[in-house]
Amino acid sequence: MSAANMPAGFTDYKVADISLAAWGRRETIIAESEMPALMGLRRKYLTEQPLKGAKILGCIHMTIQTAVLIETLVALGAEVRWSSCNIFSTQDQAAASIAAAGIPVFAWKGETEEEYEWCLEQTILKDGQPWDANMILDDGGDLTELLHKKYPQVLDRVHGVTEETTTGVHRLLDMLAKGELKVPAINVNDSVTKSKNDNKYGCRHSLNDAIKRGTDHLLSGKQALVIGYGDVGKGSAQSLRQEGMIVKVTEVDPICAMQACMDGFELVSPFIDGINDGTEASIDKALLGKIDLIVTTTGNVNVCDANMLKALKKRAVVCNIGHFDNEIDTAFMRKNWAWEEVKPQVHKIHRTGAGSFDPQNDDYLILLAEGRLVNLGNATGHPSRIMDGSFANQVLAQIFLFEQKYADLSAEKKAERLTVEVLPKKLDEEVALEMVRGFGGVVTKLTKQQADYIGVTVEGPFKPHAYRY
């Protein structure tokens, strides 16, 4: 849809350039052909309209793939208001195409922190007043937190929140433990078809792409340090190994550390004997002095701290593929070192003091996306086929919670339902099956005898709840 086709008088949006809508529409049509699970759900539930009456507040990266998600939610009966969960991740043509379709959206690439907060507010507010929303779709937890702290009255009507990412799930679990969470949540992140596809295979595809776009560096033969070896770390390490890099991994979890060793990566620590006492003396300067690229993948804070940044090799590339920019101590860099913008989302950080700098100075770091998500700041993120699984899970999770009607329950029933849980395995398998069909694959069916032998039904689910894929 081009801007010319926008509903007359529609002004409930703010994007960078509405004239980009036709470009966004062309890309969205291509993305639809690469998202068989999501489009399969759209066709399957179109007549049933399971989200009719749903009013969804959405805050997730405003990309072309998200445009397909939004239009699927709308096709299944929902109304939505949308913003991006990251100041650099919006694809402006995608936001324009959604606005041109008459859907409220507030997102553009390169927002300031203040503009980001404003966009979150506009997601919640319609004509200056809180919209009568009844569902939340979040990525990272900023929207959920804002609703709890500033607009708690909105939550009285909300049936639940579906959370996309590790960081947001951690925040939800923390709120639940403290008795602060007011609505139930579905942990979309830990669905197998999200965590293994998006977190692992998506990062395998998009990390090296973003680094190369941002730096134009050849990566082969250089040394990389991947901080963290969860699903995101696993995909990131593979991504850099594919480029011919010499990849080292650092971990705090013995199980993930063992997996890194088994996968053939050298397990190291940036700290002498693995102990960070907060001083420069605890840093393994011999190790960090050889590192050409460091990437954080953890969702934790200051995993690349000031002392590590001081010890890194001259001209090393520093980036993050976790959710927030606090994995890298960018606050220290802003306070103590001079920043020189090379191009959007690429900075030389001169380690020669704050203020002025010599352009010929060679003691600098190259920081990508200001320490925020590198794959969406310096590139276009995961491909459509990867996001297909994640967003199909989001649709099923929205349907699941909307049908539960939490807001209409008695206080006693609400107390029982106030949880943070993953989708039922059967729905995870439904997404996986649609993805397999999209690849042209054929899944073998169990015979009744075989199903009985392993104690499952022919239709599934096929694995016990505790099974680790």
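Backbone N, Cα and C atoms are what each Cβ position is placed from, and that goes for glycine too.
Swiss-Prot lists Thr63, Asp139, Glu164, Lys194, Asp198 with the feature substrate binding site, giving sequence analysis as the kind of evidence. Around Glu164 (substrate binding site), a 10 Å sphere centred on its CB holds 27 further CB atoms from the protein chains shown. Glu164 (substrate binding site) falls within neither a helix nor a strand when secondary structure is assigned with DSSP, and so counts as coil.
Cβ neighbours within 10 Å of Ile321 (NAD(+) binding site), excluding its own Cβ and spanning all shown chains: 31. Marked as NAD(+) binding site by Swiss-Prot on the basis of sequence analysis: 165-167, Asn199, 228-233, Glu251, Asn300, 321-323, Asn375.
Take Thr63, Asp139, Glu164, Lys194, Asp198, the residues named in the record as contacts for substrate: the widest Cα to Cα gap among them comes to 17 Å. Distance from the CA of Gly228 (NAD(+) binding site) to the CA of Thr63 (substrate binding site) is 26 Å.
Put simply, Asp198 is the one of the binding-site residues Asp139, Glu164, Asp198 whose Cα lies nearest to the Cα of Ile321 (NAD(+) binding site). Around Glu251 (NAD(+) binding site), the C-beta neighbours below 8 angstroms that are at least 6 residues distant in the chain are Gly228, Tyr229, Gly233, Ala257, Ala260, Leu267. The residues near the substrate site, meaning same-chain residues not in Thr63, Asp139, Glu164, Lys194, Asp198 whose C-beta sits within 8 angstroms of the mean position of the site's C-beta atoms, are Ile60, His61, Thr165, Val188, Asn189, Met387, Ser390, Phe391, Gln394, in sequence order.
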